[in-house]
């Protein structure tokens with residue numbers, strides 16, 4: 001559950017951006033000001049609002065320590081502020097004098113990037129406040145920027161829809177059209193994704209745009225292995241242009257805000273929608289997660305900033321989803337297959353499966369011939385183990401697709417039980433007795449306790465009086481109100 005715990009309504013015009021440090025919240029607006037609030041009670045600090053800019057303030061961000069705040073404006077400047085007293089530390093003017101639309105600190109706080117309306121990208125030394133490198137994109141205004149968590153690259157997005165990747169020396173590594181009609185925002189997840197091959201780590205990148213979509217990318221770059229960018233998926237929860245997106249600090253959730261006035265919270269791992277928030281009355285222009293507590297801030301053209309609090313249940317849902325793969329194997333991505341291999345003790349095969357682009361559908365189609373001839377797995381024992389694990393997945397898939405309730409499936413063999421019974425007791429003993437009849441299960445052949453290899457399920461159930469319930473398929477059909485023809489016995493539905 002998510003609930004509003006506070007609404008800030010101090011700005012006189014549209015809220016353009018909001019950002020958290022470990023103890024503060026900063027907001028900026030078309031009204032030319034930046035405001036600072038304490039996270040302890042959301043009271044405005046004595047030295048707030050911060051006033052220097054002569055035109056609209058488009059973006060603000062904290063340094064990793066939280067002691068410095070950067071803001072940028074249509075007036076062509078990027079200003080650094082001391083958050084403890086509100087004093088200006090530096091005023092950095094864009095070389096071209098063009099309006100500055102976005103600014104971001106590097107993870108180690110040594111650099112600051114600013115992007116402007118004329119497409120200029122400037123890398124500043126955050127200690128000396130001097131210009132370090134300068135470049136530009138081919139077309140459009142620079143409106144989005146994000147550093148990778150390890151700081152060895154950053155990404156910019158333009159109003160023409162180009163996603164451009166730069167290394168820490170300001171060399172352009174890659175550029176491609178990501179969103180029709182323009183990019184509006186981008187953000188990296190702090191949590192790496194294992195790539196399997198050569199120990200390579202990928203980072204998730206989210207980008208959003210005027211095409212009403214959020215796209216998820218996987219990016220990796222090392223000086224020895226080079227750069228790689230892979231498109232992963234598209235999220236289409238909004239029905240209007242998406243103006244902002246941000247990952248939670250632990251990488252479990254992704255939030256977005258849109259022209260449709262809504263805020264959507266996604267589970268990062270399953271990409272399912274966890275919450276849709278509709279409190280704002282105009283376009284949602286900005287959103288940000290707090291780094292250390294379960295708080296979300298959303299800002300809007302309605303001049304307000306809403307503070308939302310997540311309960312622990314929501315966080316647990318996201319974490320459980322990370323630990324459990326998608327229910328249907330055929331829907332698994334290559335990453336899901338990699339996670340499954342690791343869980344089965346087959347980590348050494350991750351690189352081979354990745355190299356051959358094995359997703360869930362391809363996994364289910366693997367045979368002993370393809371494992372040996374195509375994937376070149378030489379070990380007979382390893383091939384046999386993989387085939388056994390795949391067969392278990394196929395059996396589970398058949399169970400899921402049949403729609404038969406799980407209580408009618410043998411918990412050990414996952415086969416359909418032919419003559420189940422339900423104990424009149426409750427709890428563990430009752431559910432155990434459901435698994436097998438009083439004498440034995442015709443499906444799995446496990447005998448009751450007779451002194452040799454006793455089944456623990458039977459040992460728990462034998463002390464309970466039993467009542468026979470008939471065929472599980474008949475009960476299932478009855479539950480779904482299907483018409484049953486001439487039955488050989490009467491079926492009672494508990």
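A Cβ is built for glycine as well, from the same backbone N, Cα and C atoms used for every other residue.
Within the model, the repeat 'WD' (8-47) carries an average pLDDT of 97. For 8-47 (among others), the entry in TrEMBL reads repeat 'WD'.
For 50-91 (among others), the entry in TrEMBL reads repeat 'WD'. Sequence-distant contacts of the repeat 'WD' (50-91), counting only residues of its own chain at least 6 positions beyond either end whose CB sits under 8 Å from a CB of the stretch, comprise 13, 16-24, 26-36, 97-105, 107-109, 112, 114, 116, 124, 126, 129.
For 93-134 (among others), the entry in TrEMBL reads repeat 'WD'. Helix, strand and coil residue tallies for the repeat 'WD' (93-134), in that order: 0 helix, 23 strand, 19 coil [DSSP].
Taken from TrEMBL, the feature repeat 'WD' applies to 135-167 (among others). Residues of the same chain lying 6 or more positions beyond the ends of the repeat 'WD' (135-167) and with a Cβ under 8 Å from any Cβ of it are 101-108, 113, 115-121, 173-190, 192, 203, 205, 207, 209-211, 217, 219, 221-223, 227, 229.
Under the heading repeat 'WD', TrEMBL lists 235-276 (among others). Assigned with DSSP, the residues of the repeat 'WD' (235-276) fall into helix, strand and coil as follows: 0 helix, 22 strand, 20 coil.
Per TrEMBL, the feature repeat 'WD' maps to 277-311 (among others).
If you look up TrEMBL, you'll see 332-396 marked as domain 'SAM'.
Marked as domain 'U-box' by TrEMBL: 403-427.
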By Cβ distance under 8 Å, which residues at least 6 away from the ends of the repeat 'WD' (277-311) in the same chain are close to it?
1-9, 11-22, 25, 27, 29, 39, 42, 243-249, 253, 255-259, 261-265
